[in-house]
Each structure stands twice: as C-alpha cells, then as structure tokens.
C-alpha cells in the first residue's frame, strides 16, 4: 500500500521551532552556570529563524496539510510574525529581571518557546482537535512558567489557581466541541460550517454547544464573568511571566476566535453575537470600575486587560471584514501598550525590590525623566488619548460597531472608556507631581533602552499613521475568509 507524505510546507515554522527547542534544552544542559545567557541568545536566534521561515513560505493562497487539519494563510502567517516579535521583546525586557531572581535558566526559555509553538498551532488550526492541542500546549507551558519561582508562595498559589480554572475552562470548551461533533459528525471547521449552512443538524444542540464554547473562549480572553483568574495570576506571577501571559497569547486568542466562531460557526453569528454583547459590556464595565480601586499596579493592569478585551469583542460583534480587522488592529495596539507598561515596571524593579505598587512609580520623572515619558505615552495610549495608537484602535472598533447599527453599544463603550481614563491618568500624576519614595537611580542596559524607545515611538507613529497596520490587518482578514 502506498503511503503519501503530507506537504509539510505550511508547518515548516512549527517544525523548525520544535527542533530548536530541543537544541535550547540540550545546550542549556551542558552550558553550566557561567554560560546561562546561551539559552537566551539561542531563543532569540530561534525566533529570528522562525520569522525567516514564515516569510519564506508566506503566500496569500490558502495551503492545507495533515488531511486539512492544519492551514497556512495570510492571517496565520501575519499573526505568527507578530507573535515572534512580541516574544522576542518579552525576552529582552525580562533578561535582567529574571537574572536577578534566579529564573535565568533553560526551563524559562524552553517553556516560552513551547508556549510560542502552542500559539502558532492555534492560529493555523483548521480542526477542533488541532485547536484544542494548540491551546493545551500553550496553557500547560504558562502554568509551569507561573510556578517557576518555586520559593515564592504567592507564585505557587497563582499557578494552582491558574491550573484549576484553566482545566475548568478546557472542560467547558471540550464539552462544547463534543456537542458540535455530535450534531454534525465532523471535527473539520470547514465541514462544520457546511453542515450548519445546510440546516441539516439540530439547531438547539448547536446552541448548547455554542454556549460552552463561548464560555471557554471567554476564559482565554479573560472576559467577564470568566475573568476571575486574571488579577490573581497577574499579581502572583513574576513580572516577566505576567508580561508574557498578557501579550503574545492575545494574538493566539484572536486567531482562535477567528477560526472557531467566524470560520466554523459563522452561520450562527446572530446567536454568538448576543452572547458576545453581554461579555463585552460586562468586561468593559467590571474592568474599568474595578481597576479604579486597585493599589497594586499589576492587578490594575489585569483589570485594564479585561476592559480592553471587551473592546476586542466589540469588533467581533460588528462582524464583517471591517469589524474583524479593527479587532485585530486593537489586539496589536493592546500588545504594544502592554509590552511598554510591564517592560517599564520591570526596569523600575531591581534585585530585592518589586515595583508592584502604584506608589512605587511616585516621582519617576525625577529619577529617570526618559522612562517617565515612555510610561506617559503608554498610559495616554491606554486611555485612548490622541494621537496615540490606543485612540485609533478604539476609534476603528467603534466605527465598525456604529456601521453595524449598535449605536447604544458605542455610547456605553465611550462612557466606560471615560471612567477608565481616571486610573491611567492617576499614574501620570504619581510620576510627575509626587515626591519619589525611592531615590536610587534606575540603571539598565543600552539594548533595553533602545527597545523601550522603539516601543514608545511605535505607539506614537502607528497612532498618527495607522493606515499601513490597518491595511495589513484588513488584508489578513480578507485572505482568510
């Protein structure tokens, strides 16, 4: 019997990354204590190699492999490139932080790369099992990363909470997927869409399955009422891990929603739109209101994330190419702002001191004016003040929602954004108008200063000239639908 090998081309980046993870682990095993940075540089080299491979196979044509379970298209390739850049930035920001806290070891970098592999699989999944495998690879890596600082009781507690709630969410998702399979007899997303479109299956079973699927998605996006894990994990995890959790996985979550809700369950749009409206409004309300009361800056940014995810969901509610592309643009803007915020928090932290309270930023302008200015740009952008990228991201989503006819939703979103501006501007007040509690100057390596500068510059320039990034998002959506 002849055995035909599948065309591995769409999966070349994943195969390359998997091989390089093995190299990183072996190199770290034999490197010894004096060469601990070897795993760091190999990880950056791996991400650069993945980017080159992805660019080499990039095409606007849709390519399938592994009997249609894995897909390569413009959206998956662009999301993967964004994931590589984000993970590389996280590693550079985190280098000094993890070095002074005993986390500069191969396990940290191996887990980060395995999590990256999970994200890549998620954005290229064309099958419910592939989606779930990518999600679990990402989730299990993140659980281990949170618990990596074994001597920290709060980190261990956060990891246990993350694991238990994550397992519950995975159960919801699996149950929903099993209902969809029971109703259609297929796990392939295109086949699922065909059966739904034909109207052959029982609509009630679809709705039950859809409820569980949306609940699982809500957890992964930290949307209310499935947000309980986010504040505790953001606060309890080492800041480097918090930055990782709060940045790159959002691209994977966006790809997950696009593949499952839009690609597989697109004909049920009127059903899942109603569910997403509830999640979006609740997320924006709870996130913005709860953030006001926080004194811990990591918890505040966790609630901020919840409110931002509400805006991301608005793009899916608007539907259509404009809605989905504005949602993708918002995710890019959010990740850019998150990198800047947590990167600066890690720079303010030092050995034996964690800058995890809002008051720790008091007088930052006197200690390091340049760093304070970068944080000011990030906070202005998060608040949605022009000409920052955060303003245009909010504007593009609201325009799409308005075009879809949800005028009341636009009014609610604007009102809740105004409430949210308070806690962002409060940080600026602490940095510029309060006396510093710490007088020690803030020192860091030149490459980190360059990265923060690029981060801040991108927030301004992409806000003033968003056409290229918006066009990229629109192109990715058009070629994947």
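Cβ coordinates are placed from backbone N, Cα and C, and glycine is handled just like the others.
Just so it is clear, the model here is predicted, and its values are computed rather than measured.
Listed ranges 184-204, 205-225; the one Swiss-Prot annotates as transmembrane segment is 205-225.
Check Swiss-Prot against the ranges 162-182, 435-455 and you find transmembrane segment recorded for 162-182. The list of residues near the transmembrane segment (205-225) in space but at least 6 beyond its ends in sequence, with Cβ under 8 angstroms from a Cβ of it, reads 135, 165-166, 168-170, 172-173, 175-180, 182-183, 196, 249-250, 253, 256-257, 260-261, 265, 268, 271-272, 275-276, 279-280, 282-283, 285-287, 302, 305-306, 309-310, 312-313. The recorded stretches the transmembrane segment (103-123) and the transmembrane segment (162-182) do not share 3+ CB pairs below 8 A when only pairs 6 or more apart in sequence are counted, and are therefore not in contact. The transmembrane segment (328-348) and the transmembrane segment (128-148) are not in contact, since fewer than 3 Cβ pairs between them lie under 8 Å (pairs 6 or more apart in sequence). Long-range contacts of the transmembrane segment (405-425) within its own chain (CB-CB distance under 8 A, at least 6 residues past either end) are made by residues 277, 280-281, 284-285, 287-289, 291-292, 294, 300, 304, 307, 310-311, 314, 317-318, 379-380, 382-385, 394, 397-398. Ranked by number of Cβ pairs under 8 Å to the transmembrane segment (238-258), the listed stretches 37-57, 74-94, 128-148, 162-182, 272-292 are led by 74-94.
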